[in-house]
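See structure below.
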Amino acid sequence: MGFTQQVQKFWEFGAGHTALAAFCAHSVSISIGITQGYSAILLPQLEEDPDFMIIKDSEEESWIASLGAVTNPIGSVISGVLAEYFGRRRSIQISIIPFLLGWLCLGFATDISWLYAGRLITGIAGGMSTACYTYVSEISTPKNRGIFQALGPICASFGILFAYVLGYLVHWKLVSFISIVFGLFSLISIQFLPESPGYLMRKNKSTESFNVFLWLRRNNAEAQAEVDKYQLKNNDVLNTKVNLKDIYFGPQTVKPFFILITLFFLQELSGIYTILFYAVSFFDEANLEMDKYIASIIVGVIRFTVSILAAVLINKYGRKILCIFSNVGMAATMLLVAGYMKYYEVNQGEEKVFSILPLVGVIFNVFFSMIGMLPIPWILVGEMFPLEVRPIMSGIVICIAQIYIFIFVKIYSNMNQVLNFSGTLFLFAGASVVALVFCKFILVETKNKSLSEIEKYFKKDTDSGNLKGFDNQAFVISPEIDSKTNDGIFRVEINS
């Protein structure tokens with residue numbers, strides 16, 4: 001069978017339609033990536049062009065960098081509400097509007113207040129657009145969900161690289177105007193996608209849901225089986241008379257919530273996004289003996305290339321083992337760079353040997369982060385929560401994750417002042433070691449498991465025999481209702 005015939009077969013009878021829908025939905029992540037990489041090229045250009053605008057101190061620099069993240073949590077909460085009441089597809093489309101407005105503010109900026117406004121608005125858009133992970137999780141099969149969800153980090157990595165390259169070639173204002181093109185592409189392409197079948201079943205639109213599954217699966221029997229599975233779940237909910245309060249405070253929601261917010265905290269503490277937001281300044285701090293823009297572009301190329309590799313590895317090896325491997329590599333490489341920088345902080349007059357080591361260390365750190373700890377937490381957000389609460393809880397978790405990002409990006413300059421540059425890097429390495437332990441003993445493997453299987457695992461007190469990660473019972477989270485206030489409370493027991 002020739003290549004053309006294989007492609008045609010994949011499109012007509014395989015996962016071609018699902019792949020197209022996943023790419024269009026995740027294309028909004030290109031705009032997210034540009035937003036994340038924008039401050040890395042904006043700040044150095046502002047410093048080199050004092051006639052246009054003077055950045056007074058590192059405090060203003062930190063605000064310009066972090067404002068792209070500070071409003072992400074607001075957008076995440078809005079995203080959860082929009083996805084629940086207007087649908088996943090429409091929620092993603094709505095998120096693109098503030099992207100367009102934000103890029104216009106940056107492109108026409110005449111003073112620092114316009115920069116602040118543009119970064120704030122694009123930050124809101126970045127938070128709102130995370131409904132794409134919920135959408136893709138609901139249109140994918142357990143077999144291909146990992147690789148299709150990995151399209152999000154791939155698109156984001158492309159956006160980051162795009163920002164770095166353009167920032168090296170053209171003025172930052174032109175970068176803003178060019179970025180509008182990607183938003184328009186997402187807005188138009190998503191218009192032609194079907195709504196998530198999971199959302200349609202939530203609204204009791206089984207016929208429409210069947211038609212969507214038929215378009216995605218290209219098989220009547222498979223489409224009907226998917227609808228029957230959702231219908232059975234809906235019937236179970238009705239028969240058991242479980243209300244939303246029970247679901248929100250049930251173990252199937254509480255356990256994933258605590259796992260995810262801890263995983264995201266360790267992700268941010270390991271410096272993944274701090275290096276991303278301050279890439280050019282980071283290499284300047286390291287006194288790298290080469291063009292800092294070129295160094296950032298090299299890192300961007302590595303990030304994008306490895307994100308493609310990670311998509312294949314996630315589908316083949318699963319989430320848990322890759323996170324463990326990722327943290328081992330991140331800890332080792334960051335310790336190497338931290339030790340190198342510490343030595344020359346102590347011996348400042350000594351001529352540097354192998355001065356390119358910081359770049360090599362960061363390249364390998366980025367390589368290991370892209371294998372697991374950067375993309376996988378975002379993938380798990382779309383997998384772990386029950387359908388009934390998935391949009392809202394995903395929005396809440398992503399909101400918390402983006403608060404973490406804002407905090408660590410904002411305090412990066414302060415950390416360098418208090419701990420010195422090497423001390424900050426040692427902290428990043430220590431976080432990776434803690435994350436390694438967490439992923440080994442707590443993180444749950446979701447590879448090749450349907451969303452309903454994952455929910456059942458968390459709901460049951462005993463191990464299902466398929467999913468691994470909680471079978472050691474390192475801790476038990478018990479949701480309860482306070483008899484006096486009727487409020488939901490959590491009791492956490494640590495097992496020795």
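From the backbone N, Cα and C atoms, a Cβ is placed for every residue, glycine too.
Unlike curated entries, TrEMBL annotations are predicted automatically.
Pulled from TrEMBL:
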type	residues	note
DOMAIN	17-447	domain 'Major facilitator superfamily (MFS) profile'
TRANSMEM	20-43	transmembrane segment
TRANSMEM	63-85	transmembrane segment
TRANSMEM	92-110	transmembrane segment
TRANSMEM	116-136	transmembrane segment
TRANSMEM	148-168	transmembrane segment
TRANSMEM	174-193	transmembrane segment
TRANSMEM	257-281	transmembrane segment
TRANSMEM	293-314	transmembrane segment
TRANSMEM	321-341	transmembrane segment
TRANSMEM	353-380	transmembrane segment
TRANSMEM	392-413	transmembrane segment
TRANSMEM	425-443	transmembrane segment
With Cβ-Cβ distances below 8 Å as the criterion, list the same-chain residues six or more beyond the ends of the transmembrane segment (20-43) that contact it, or say none. 55, 61, 64-65, 68, 89, 92, 95-96, 99, 102, 106, 115, 119, 122-123, 125-126, 129, 132, 135-136, 139-140, 148-149, 151-164, 166-168, 172, 175, 179, 182-183, 185-186, 189-190, 192-194, 216, 273, 276-281, 293, 296, 300
Quick one: do the transmembrane segment (63-85) and the transmembrane segment (257-281) reach 3+ CB pairs under 8 Å, ignoring pairs fewer than 6 apart in sequence? yes
Long-range environment of the transmembrane segment (148-168) - Cβ separation under 8 angstroms, sequence gap at least 6: 18-19, 22-23, 26-38, 40-42, 45, 132-133, 136-137, 140, 174-175, 178-179, 182, 276, 279-280, 293-294, 296-297, 299-301, 303-304, 307-308, 310-311, 314-315, 370, 374-375, 378-379, 382-383
Counting Cβ pairs closer than 8 Å, which of 116-136, 174-193, 257-281, 425-443 has the most of them with the transmembrane segment (353-380)? 257-281
Can at least 3 Cβ pairs under 8 A be found between the transmembrane segment (174-193) and the transmembrane segment (92-110), with each pair 6 or more apart in sequence? yes
Determine which residues of the chain contact the transmembrane segment (425-443) at the Cβ level, with the cut-off under 8 Å and only residues 6 or more beyond its ends counted. 259, 262-263, 266-267, 269-271, 274, 319-320, 323-324, 327-328, 330-331, 334-335, 337-338, 341-342, 373, 415, 419, 469-470, 472, 474-475
Which residues, given as numbers and ranges, are at least 6 beyond the ends of the transmembrane segment (293-314) yet have a Cβ under 8 Å from it? 37, 40-41, 44, 146-147, 149-151, 153-154, 156-158, 160-161, 164-165, 167-168, 279-280, 283, 322, 359, 362-363, 366-367, 370-372, 375-376, 379, 447
